[in-house]
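Enquirer: Below are the features I grabbed from Swiss-Prot:
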type	residues	note
COMPBIAS	1-13	compositional bias 'Polar residues'
COMPBIAS	14-30	compositional bias 'Basic and acidic residues'
COMPBIAS	113-123	compositional bias 'Basic and acidic residues'
MOD_RES	Met1	N-acetylmethionine
REGION	1-30	region 'Disordered'
REGION	91-123	region 'Disordered'
Amino acid sequence: MNGSNMANTSPSVKSKEDQGLSGHDEKENPFAEYMWMENEEDFNRQVEEELQEQDFLDRCFQEMLDEEDQDWFIPSRDLPQAMGQLQQQLNGLSVSEGHDSEDILSKSNLNPDAKEFIPGEKY
């Protein structure tokens, strides 16, 4: 091709290859490929609301777990140190089998002729 042929070609005429690369005709909206950005603010607002909602739920669950943790009685945490030592001493105690059952019955203040107690039954 010589220079005279190139000069006769008008710049406004595009080949099919050029139209394929840009994705649209000159008759179409030149900003068509950017139309997705039209709703970008709505999308961002929606994502931000979802993140705030998730953060709120996380904080609620953490607060609920903290309250539940406070409700539980944990001796090592809730008892003073002296009480903890007393608790250890009580855990070390055991009932001895050295007492004779006759000895216990002779010192008892219970009525041996009383009916046997059955819960829920009226006498």
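Cβ atoms here come from the backbone N, Cα and C positions, even for glycine.
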Enquirer: Can you name the far-off residues of the same chain, 6+ from the ends of the compositional bias 'Basic and acidic residues' (113-123), with a Cβ under 8 Å from a Cβ of it?
Expert: none
Enquirer: From the DSSP assignment alone, can you count helix, strand and coil residues within the region 'Disordered' (91-123)?
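Expert: Its residues fall into 8 helix, 0 strand, 25 coil.
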